[in-house]
Amino acid sequence: MYLLIVFLPLLGSSVAGFFGRFLGSEGSAIMTTTCVSFSSILSLIAFYEVALGASACYLRIAPWISSEMFDASWGFLFDSLTVVMLIVVTFISSLVHLYSISYMSEDPHSPRFMCYLSIFTFFMLMLVTGDNFLQLFLGWEGVGLASYLLIHFWFTRLQADKAAIKAMLVNRVGDFGLALGILGCFTLFQTVDFSTIFACASVPRNSWIFCNMRLNAISLICILLFIGAVGKSAQIGLHTWLPDAMEGPTPVSALIHAATMVTAGVFMIARCSPLFEYSPTALIVITFAGAMTSFLAATTGILQNDLKRVIAYSTCSQLGYMIFACGISNYSVSVFHLMNHAFFKALLFLSAGSVIHAMSDEQDMRKMGGLASSFPLTYAMMLIGSLSLIGFPFLTGFYSKDVILELAYTKYTISGNFAFWLGSISVLFTSYYSFRLLFLTFLVPTNSFGRDISRCHDAPIPMAIPSILLALGSLFVGYLAKDMMIGLGWNFWANSLLVLPKNEILAESEFAAPTIIKLIPILFSTLGAFVAYNVNLVADQFQRAFQTSTFCNRLYSFFNKRWFFDQVLNDFLVRSFLRFGYEVSFEALDKGAIEILGPYGISYTFRRLAERISQLQSGFVYHYAFAMLLGLTLFVTFFCMWDSLSSWVDNRLSFILIVSSFYTKSSQE
């Protein structure tokens with residue numbers, strides 16, 4: 001049963017990929033959706049056995065790589081953390097597959113699309129079930145490849161090509177850090193197996209000298225692993241690929257942002273909690289990075305006009321919450337928020353897809369408006385998703401997002417307070433852009449043509465069913481799972497997560513946090529909704545004043561252009577590397593020094609040497625006798641004096657002297 005959970009999506013992908021032309025669009029869609037749905041049902045059974053029954057399962061399949069001290073096997077680990085991720089991945093993926101049947105029905109390449117979706121799901125399942133770093137890395141690279149294929153699905157679009165290449169290249173930076181971290185683990189522990197590494201993590205280790213600095217070995221490994229999470233989970237610095245990934249079909253965006261790809265970094269940190277717990281330095285870095293990401297993405301999303309990009313930046317901001325929750329050693333709350341976020345984020349994307357599908361692929365919110373009457377079901381679904389996103393009381397997002405902020409406050413450290421206040425301010429901006437999206441899309445007077453609005457229709461049944469199921473999850477999952485996953489006195493996570501006693505603050509945040517601290521997120525959410533209502537629905541004078549102010553125009557450009565991150569990266573990093581590659585690597589080295597010292601220089605040297613030797617053939621015997629006498633004299637001299645000369649004369653210097661003499665003579669000529 002456990003193996004079927006992982007390999008059923010691979011089976012569906014293989015059938016759709018190899019036999020899609022025979023099955024057709026409908027047959028491929030039914031095959032892949034059925035396989036992923038069965039995998040989802042089996043995941044529920046595994047959740048009951050492993051998490052609720054406290055019976056972790058380990059499967060060793062076969063040896064993979066065995067070379068001296070290096071031993072990696074195909075193995076699968078099913079513990080509480082794994083089965084929670086299995087439910088998230090398979091349930092969201094099955095709903096996205098069902099949604100795609102109708103959404104992609106008119107696309108001639110639908111079998112290829114369904115094949116890519118299933119292979120994406122398979123690689124994510126490989127990532128979360130692997131029992132060693134090598135298998136995790138295989139799934140890690142697999143989801144990167146699948147995301148490239150899905151973003152690049154409409155390959156005739158130039159922007160889709162650029163977005164796919166950007167996602168691949170930016171993620172390569174993080175993947176390089178992850179690979180170095182895995183190599184560091186093997187160097188330190190002589191294995192890549194999770195159980196062995198985590199068992200030895202508490203043993204004191206010597207420091208390493210890295211870049212002339214003495215670093216703690218565990219801290220260096222954890223920071224390198226975190227660099228991998230920065231790339232995959234779109235943290236500050238490597239986050240620029242995530243909004244551009246919206247160029248793919250909307251079901252792809254839902255799957256990437258809700259269940260796969262971006263959640264891989266959070267899962268990896270939670271899986272490696274026994275390592276990170278012994279590196280306070282790495283935890284501080286993670287906390288600061290996550291807090292800055294949540295603030296950066298929230299401020300960027302307030303002035304975006306693309307419907308899907310606004311939701312994409314909300315994903316980036318929520319990932320910041322998950323990351324800094326890991327940084328304050330509350331991995332269970334981070335994974336709980338990951339699960340809750342999957343429901344309402346998939347709901348938001350699928351609802352946005354219904355609007356875009358009906359509006360003939362129009363994504364600019366400024367060209368919409370007045371759609372609430374034409375899309376009553378979609379409007380209700382989008383409203384539920386947005387309220388859950390901002391942490392409206394008693395919805396799913398409320399039970400995890402507010403807990404993260406309370407935990408950050410009760411950490412009572414500089415990093416904790418930094419994360420709390422940036423996270424709280426991010427709640428304000430999150431509420432603003434969530435309600436701005438609702439107002440501009442559904443409630444303001446329409447900015448579209450009347451004939452376009454009259455042709456619009458609400459989501460068909462195959463697209464509505466996944467949205468309704470996700471809406472139910474966005475309403476009730478947080479309430480139902482809170483006590484089980486983060487409640488006091490429940491050993492739900494068992495040994496899958498490790499928190500040292502000195503870092504355990506969950507009980508303190510529950511009982512010691514001041515009431516005003518618990519109310520701040522709700523107050524900020526209300527304030528953000530109030531500002532969004534007045535700015536986008538009521539205050540026309542404010543909008544005119546904003547448009548005519550020079551400072552406001554510059555502020556608008558700053559946030560709308562995403563803090564100029566793309567421009568800075570292009571101007572100072574990408575362009576510098578391109579210039580170095582052409583002027584230094586290509587011109588100066590490849591076509592310059594290397595070619596002169598390499599093939600061209602050697603051929604020229606021997607040609608000039610042959611010409612010089614040929615000039616010695618004068619035809620006079622006494623010239624030849626003199627040359628032989630001179631050569632014999634030099635040979636005897638060097639032979640007799642070799643012991644004294646060899647200590648300060650290198651043979652290579654003699655060769656360079658001979659070659660340079662030819663170049664000197666040729667230049668004089």
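For all residues, glycine too, the Cβ spot is worked out from N, Cα and C.
Annotation comment: Swiss-Prot describes 3-23 (among others) as transmembrane segment, evidence class sequence analysis.
Proximity of distant same-chain residues to the transmembrane segment (40-60), defined by a Cβ-Cβ separation under 8 Å and at least 6 residues beyond the stretch ends, is recorded for 1-5, 8, 73-80, 82-84, 86-87, 90-91, 93-94, 131, 491-492, 494-496. According to Swiss-Prot, the feature transmembrane segment maps to 40-60 (among others).
As annotated by Swiss-Prot, transmembrane segment applies to 76-96 (among others).
Residues or ranges marked as transmembrane segment in Swiss-Prot (evidence: sequence analysis): 136-156 (among others).
The feature transmembrane segment is assigned by Swiss-Prot to 217-237 (among others), with sequence analysis given as support. Long-range contacts of the transmembrane segment (217-237) within its own chain (CB-CB distance under 8 A, at least 6 residues past either end) are made by residues 140, 143-144, 170-182, 184-185, 188, 201, 205-208, 210, 261-266, 268-269, 272, 275-276, 278-279, 281-282, 285-286, 289-290, 292-293, 296, 315-316, 319-320, 322-323.
Positions annotated as transmembrane segment by Swiss-Prot, on the basis of sequence analysis: 250-270 (among others).
Sequence-distant contacts of the transmembrane segment (319-339) (same chain, six or more residues past either end, CB-CB distance under 8 Å): 81, 84-85, 87-88, 229, 233-236, 262-263, 265-267, 269-270, 273, 276-277, 283-297, 399-401, 403-404, 407-408, 411, 415-416, 419, 423, 426, 477, 481-482, 485-486, 492-493, 497, 499-500, 503-506. According to Swiss-Prot, the feature transmembrane segment maps to 319-339 (among others).
Annotation source Swiss-Prot lists transmembrane segment at 340-360 (among others), citing sequence analysis.
Annotation comment: Swiss-Prot describes 375-395 (among others) as transmembrane segment. For the transmembrane segment (375-395), the residues of the chain that approach it from at least six positions outside its boundaries are 314, 318, 340, 343-345, 347-348, 350-352, 354-355, 358, 401-402, 427, 430-431, 434-435, 437-438, 441-442, 456, 458-459, 464, 467-468, 470-471, 474-475, 478-479, 521-522, 525, 528-529, judged by C-beta separation under 8 angstroms.
Outside the transmembrane segment (417-437), and at least 6 residues removed from its termini, the chain residues within Cβ reach (under 8 Å) are 287-288, 290-292, 294-295, 297-299, 301-302, 304, 307, 310-311, 313-314, 317, 320-321, 324, 327-328, 365, 382, 386, 389-391, 401, 404-405, 408-409, 411, 517, 520-521, 524-529, 531-533, 535-536. Taken from Swiss-Prot, the feature transmembrane segment applies to 417-437 (among others), supported by sequence analysis.
Summarising the annotation, Swiss-Prot assigns transmembrane segment to 461-481 (among others).
The transmembrane segment annotation in Swiss-Prot covers 619-639 (among others).
As a quick check, the transmembrane segment (340-360) and the transmembrane segment (76-96) clear the bar of 3 or more Cβ pairs under 8 A, pairs 6 or more apart, so the two touch. Ranking 3-23, 76-96, 250-270, 461-481 by CB pairs under 8 A with the transmembrane segment (136-156) puts 250-270 at the top. Looking at which of 3-23, 76-96, 250-270 has the most CB pairs under 8 Å to the transmembrane segment (461-481), the answer is the stretch 76-96. Outside the transmembrane segment (76-96) by six or more residues, the chain places 2-3, 5-6, 9, 33, 36-37, 39-40, 43-44, 46-47, 50-51, 56-59, 61, 117, 120-121, 124-125, 128-131, 194, 251, 254-255, 258-260, 263, 267, 270-271, 335, 338-339, 342-343, 346, 350, 466, 469-470, 485, 492-497 with a CB less than 8 A from a CB of the stretch. Residues 31-36, 38-39, 42-43, 46, 59, 61, 76, 86, 90, 93, 111-112, 114-119, 121-122, 125-126, 129 of the same chain sit 6 or more residues outside the transmembrane segment (3-23) yet have a Cβ under 8 Å from a Cβ within it.
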